[in-house]
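TrEMBL has this to say about the protein:
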type	residues	note
TRANSMEM	12-31	transmembrane segment
TRANSMEM	37-56	transmembrane segment
TRANSMEM	76-94	transmembrane segment
TRANSMEM	100-117	transmembrane segment
TRANSMEM	129-148	transmembrane segment
TRANSMEM	160-180	transmembrane segment
TRANSMEM	201-220	transmembrane segment
TRANSMEM	226-242	transmembrane segment
TRANSMEM	249-269	transmembrane segment
Amino acid sequence: MNYLKNIFDFYINSSTHVALAIASFTVLTFIDLKIKIDYHLISFVFAASVTAYNFVKYASIAGFRDVKPTMRLKVILVYSFLIFLYLIYSLFFLNFTTLLVGFVLVLLTLLYTLPLLPGFHNLRDLGGLKIFIIAIVWTVCTVLLPVAASDASFTLSPQLIAYFVIRFLWVLILMIPFEIRDLKDDAMHLNTIPQLIGVRGAKLTGFFFITISFVLFHFFHPDFKRLPFLLMSALSTVLLFFSTEKRSLYYTSFLVEAVPILWLLNYFIF
């Protein structure tokens, strides 16, 4: 049992699960917008997600000479390095526009993690911005990258804008349980949603975002598959409702982040 738990913990802590979630949202964009699926881009998104998340989580730890890395951390760092090598390889299969959008995402990730200038905070520490920066990065990665990789010409139509907003709202929805869980640990200057309006207010905000996303979905994309959207809305409502400060890491980092993966699976089932 310990062996299986170690594998599962590695799956979560190595950011493989969240990377699969981001890749799943990317595949959904290809399907929804009727773009030919680019498997090179999907593998790039997966590799970039693992690299970015592990850089944010472990770069500071690995940089301390006084901190001796545990065996688990060493394995994650080796895994991250191998994924990073594949990330470099995958760049050769992307067009210029995709690379340009990817560069902007890399820049945002660096600014999110590292101080902007000596004596200044990074973007993650700027009050109220954290959740929105993550939502922007996820949305650009999972919506704009597939569009940029497509050979088809896309205009900035109301339908595309609505799709971008829907995805942005959904990332915010999935982030709220994390902010509720971290409420007791987050510094007050971060001004997270639960810090500003309380746990109940944060949940109501999430329910409101689900409602708005459904309205946009109904009016701008009536031809999309409705049942997967409704099922994931119901699941996310339940996950939001039962979110507390005492929820375990597995509740948020596995169950909540499984929503995009389950969403994609529902597309193939229904």
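The backbone N, Cα and C atoms fix where each Cβ goes, and this holds for glycine too.
In TrEMBL, annotation is done automatically, which means it is predicted and not curated.
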Residues of the parent chain within Cβ reach of the transmembrane segment (100-117), under 8 Å, 6 or more residues beyond its termini: 44, 48, 52, 55-56, 59, 91, 94, 123-124, 133, 136-137, 140-141, 144-145, 148
Most Cβ pairs under 8 Å with the transmembrane segment (226-242), selected from 12-31, 37-56, 76-94, 129-148, 160-180: 160-180
Outside the transmembrane segment (37-56), six or more residues from its ends: residues with CB under 8 Å to it: 14-16, 18-20, 22-23, 26-27, 30-31, 76-77, 79-80, 83-84, 86-87, 90-91, 93-94, 98, 102, 105-106, 109, 112-113, 124, 141-142, 145-146, 149-150
Chain residues outside the transmembrane segment (76-94) and at least six past its termini with a C-beta under 8 angstroms from it: 10, 13-14, 40-41, 43-44, 47-48, 50-51, 54-55, 58, 62, 69, 102, 149
